[in-house]
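The structure appears right after this line, and notes come after that.
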Amino acid sequence: MKSFYLTTPIYYVNDAPHIGHAYTTVAGDVLTRWHRQRGESVWFLTGTDEHGQKVMRTAEQNSVAPQAWVDKLVADAWKPNWEALNIANDDFIRTTEPRHTERVQKFLQSLKDSGHIYAGKYEGPYCVGCEEFKLPGDLIDADGEKLCPIHSKPIELVNENNWFFKLSEFAQPLIDHYKNNPEACQPESARNEVVSFLEGGVSDLSISRSTFDWGIPVPWDTDQVVYVWFDALLNYATAVGLTDAPDSEGGKKFAATWPADVHLVGKDILRFHAVIWPAMLMAAGIEIPKKVFAHGWLLVGGEKMSKSKLTGIAPSDITDHFGVDAFRYYFLRAIPFGSDGSFSWEDMSARYTSELANDFGNLASRLAAMIEKYCGGKVPAVAKDAALAESLQITVDKADAAMVALDFQGGINAVMDYCKQVNGFVTIKEPWILAKDPANQAVLEEVLYNTAEALRALAVLLHPVMPATTEILWESLGAKEALGEIGKQEISNVATWGQLPQGATVTKTPVLFPRLEVKE
Ligand code: MSP
């Protein structure tokens, strides 16, 4: 059976990660965890983009050889960052690994052999920040100087003899593809942009560079290195065995993963993924990815947050204060996936307190405290509140449809609305008043069972978003012992009411979302 295969961009290792990078990778992690909980086989790839002038120059500025520079940043900054954010990737590809470089060379040679590559001369503007050959219309004019609109920095003029890929041949097939398969590029605004770009005409692409050597040598012309984007895009396929013989391990992996189901990218790199990448695959006769999804930017002062503009915020600046799970939750909950969003400390504090600490965390701690106090710390007899049970099913259906459509905000909202409903249920039933009269014990136990059962479902549904916190809740409900690992609970089974067995031991949780320290 083919796995659900999701990728993030591979990040440039010219610097340490910031929250823009984390935004994409967390989204990928949440989506793949969701798919795993749908019972699907999943493959989740992330990694680092290590060649090219941008990385090479940063290494030079730091007086370190490029390989030593990338080795250090990957080991000290990138991998620990993903671990700290609880990212459960299945593989991590680095473009300097032989498994990648060898397959890139094989792939390139095959395109050359099949007549898709020819010698030419490139003369024009290049932005090292984007690592992109720019079209004159892409640039902004500042007092006669041409700037890259993304980096607000001057472009450089390149004049080189290079190898070219016949990209122009694939413009029409790609237009047809996106018209026939609208789901292949999303959201709709991104698809429209790609189609109009293609309709405007596409030139062939220079796919090698000859003025520096930090890259993969072109196999038949080793004075040149492969253009960094041509090298980088291939990671999605080299990581799962592209070009390996079908009966080899790599070949089998390729058959079990390819085509990728979703390439998650920021909108800044949409064209590479929706134009160049599928054209490369079409030229090689390989199936193209099922979907490229372009999300928006995290903005600071109205501009794309970036390290090069010194507006980058390290994930740890936020997680030190709010915790990892609140970080994972906040950006997906607050910003519709596909739109830009401004990060604001105040908005994050407000949501943390009202949604996570009050609505969710308090419900969990109140329930555990009441079961301890009124039921001797044991889950009471199974009971079913029809309204809660029914709206749980509606919640699961809504959340599942939204999540698989990458509408994280819609999915999380559906679950948090249910959380509100459960809070309303507890408020109306007033178990603390019921507890005053022993004659109400049976009713009291029903209320507590229903609340516990709703919390069981909330823990499972929020697990992909907040794995660590929901695990604590899961254990506190006695669910781990009774029902097994939380990550193994299937979404399709969440709404089956009555899973927590009578007698399961409930223990008080540590506070799931502690009160925030006042920031000086
Ligand atoms: N190395 C290329 C990608 C190659 S993929 C074959 C690259 N790397 S990058 O380090 O610049 O990171 C790009 C990705 O990081 C963006 O596409 C986006 O997913 C994420 N983001 C970087 N800055 C961001 C924001 N300010 N906001 C949201 N996402 C951001 O491009």
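Each residue's number is its place along the chain shown, starting with 1.
Keep in mind that glycine also has a Cβ here, set from the backbone N, Cα and C atoms.
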Annotated motif ''KMSKS' region' segment (source TrEMBL; candidates 109-113, 304-308, 484-488, 499-503): 304-308
Matching range for TrEMBL feature annotation, motif ''HIGH' region', among 11-21, 55-65, 319-329, 429-439: 11-21
Residues flanking the Zn(2+) site, with Cβ no more than 8 Å from the Cβ centroid of C127, C130, C148, H151 and excluding those residues themselves: V128, G129, E132, K134, P149, I150, K153, I155
Residue counts (helix, strand, coil, in that order) that DSSP gives for the domain 'Methionyl/Leucyl tRNA synthetase' (5-137): 65 helix, 33 strand, 35 coil
Residue numbers, six or more beyond the limits of the motif ''HIGH' region' (11-21), whose CB comes under 8 Å of its CB atoms: 47-50, 52, 54-55, 57-58, 69-70, 73-74, 77-78, 81, 266, 297-298, 304-307, 312-315, 318, 331, 343
Least buried by Cβ count (within 10 Å) of the binding-site residues C127, C130, C148, H151: H151
The domain 'Methionyl/Valyl/Leucyl/Isoleucyl-tRNA synthetase anticodon-binding' (388-482) - residue tally per DSSP class, helix then strand then coil: 82 helix, 0 strand, 13 coil
Averaged pLDDT score, the motif ''HIGH' region' (11-21): 95
